[in-house]
Every structure is written in structure tokens, then in C-alpha cells.
Amino acid sequence: MVSKIRLILSDFVVSLMWVWSGSLIKIFVFKVLGMGHDSRGEFLKNSLSIMNMFLFAFLGKVTKGGTYNPLTILSSAISGDFSQFLFTIGARIPAQVIGSITGVRLFIDTFPEIGLGPRLTVDIHKGALTEGLLTFAIVTISLGLARKIPGSFFMKTWISSVSKLSLHILGSDLTGGCMNPASVMGWAYARGDHITKEHILVYWLAPIEGTLLAVWTFKLLFRPQKQDEKEKLKGKTE
């Protein structure tokens, strides 16, 4: 029970820190340094974003699983037992959402001149398709890394960070390229449009469907590693 409470608190704090970190990077590059949205400014922002993802990957190890993205824990919960699934849906994801909402509210109170997060710039169907495909891609990459590079923290985090950044850039002009329902929920709650059809379909249902499809597709294409190991051992004994 203590470990579960610690994990819920970690999700809350890490989610709060995540919405702050992304916005602080933009403030530092574009306001403090005075750089424009040219190649130099974007390169520095993207470099800091990758460093930021390394920091949060390290925080995940320190907190023994604390994370800021519901899709990350949902993909593992689908493959786990039912009690883990209920704990994820009923406790961890709400903690991430509340952490994001709290973080955005505190950030806006501190920096009232900042914008109000990602917005949908295309119609709802294109937006849902975009977020769904981006989520499918990043979850598939994450599952593949967990299978092929199970022990290498640096290499796994590097590939994951560059992949997330690339997919974010691809979708940034359409939906914001978020792939994180909790973070988007924090900004949408601040704007007051968190219960609109567009927000629910594009930033919640589409990413969840993309996650489910990625997990099921991965299971169809790749057998569990334990099963592979058993078959190898069986072949050796025979």
C-alpha cells in the first residue's frame, strides 16, 4: 500500500514538473535569450527538450516508476493483471491529470503572459487521426525498445527522446503533437474547454485507441520474451 501511495504522489509531482519544464524552456530560449523562431532558436529549444526528457527518465528511475504521461502506464497496464489495470485507471492517471492541472494553474499565476497550451488547428477528424497515429508510433517504439534494449538506460532514452521530439514536430502545426492527454488536459482546463467534444475525441479517445492498437499489434507480431526463452531452453534440452 505504501509503495502505491508513493507512486501516486510521484505521478502527481512529476506531472506538475513536466508542464512547468516545457514552458520554462520556451521562456528561456525565446524571452530570456531573445532568440527568434529561426533555425538557431529551434535547435536550442529542441536540444534542451531532449535533455529535459533525459531528466524525467532519470526521475522515473529514482521514483521507481513515476511518470507524467497516462499513455506510458496504460500500455503496460493493458499487458498486466486486472488489479494493476484498475490501479492505473482509478488512481495513477487521475493523479497525473490533477498534477498537470495544478502545474498549469501555478504556472499561469506565475507567468500570466504565457500562452495557454496546444490548440487544434484542423478539423476534429484530422486532429483525431493525427494524435492517434502519433501515439501508435511512439507506443510501438517504446514497446520495441523495452524488448530489444531492456537494460541500456542511455541508448533507450536517447532513441525514445529523439522519436518523441520528431513526432511532436510532425504534429505540432496540427494538434500540438502532444501524445499526452494529462498535459493537454491541464491547459484545456485553464482555458475552460476541457469537456468539449474536440478535446475529448482528439486528445483522449484517439491517443487511447492508438495505444490499444499499438499494444495489440505488438503482441500479434512479437511473442513474449519469456515464451521465447522457454522455447529456446526446450530446444536445447531436446
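Cβ from N, Cα, C; glycine included.
Just so you know, TrEMBL annotations never went through curation; they're auto-generated.
As recorded in TrEMBL:
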type: TRANSMEM; residues: 12-34; note: transmembrane segment
type: TRANSMEM; residues: 46-64; note: transmembrane segment
type: TRANSMEM; residues: 85-108; note: transmembrane segment
type: TRANSMEM; residues: 128-146; note: transmembrane segment
type: TRANSMEM; residues: 167-189; note: transmembrane segment
type: TRANSMEM; residues: 201-222; note: transmembrane segment
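Same-chain residues lying 6+ beyond the ends of the transmembrane segment (167-189) with a Cβ under 8 Å from its Cβ atoms: 15, 18-19, 22, 46, 68-71, 93, 96-97, 99-105, 116-122, 126-127, 130-131, 134-135, 137-138, 196, 199, 202-204, 207-208. The largest share of C-beta pairs under 8 angstroms with the transmembrane segment (85-108) comes from 12-34, of the ranges 12-34, 46-64, 128-146.
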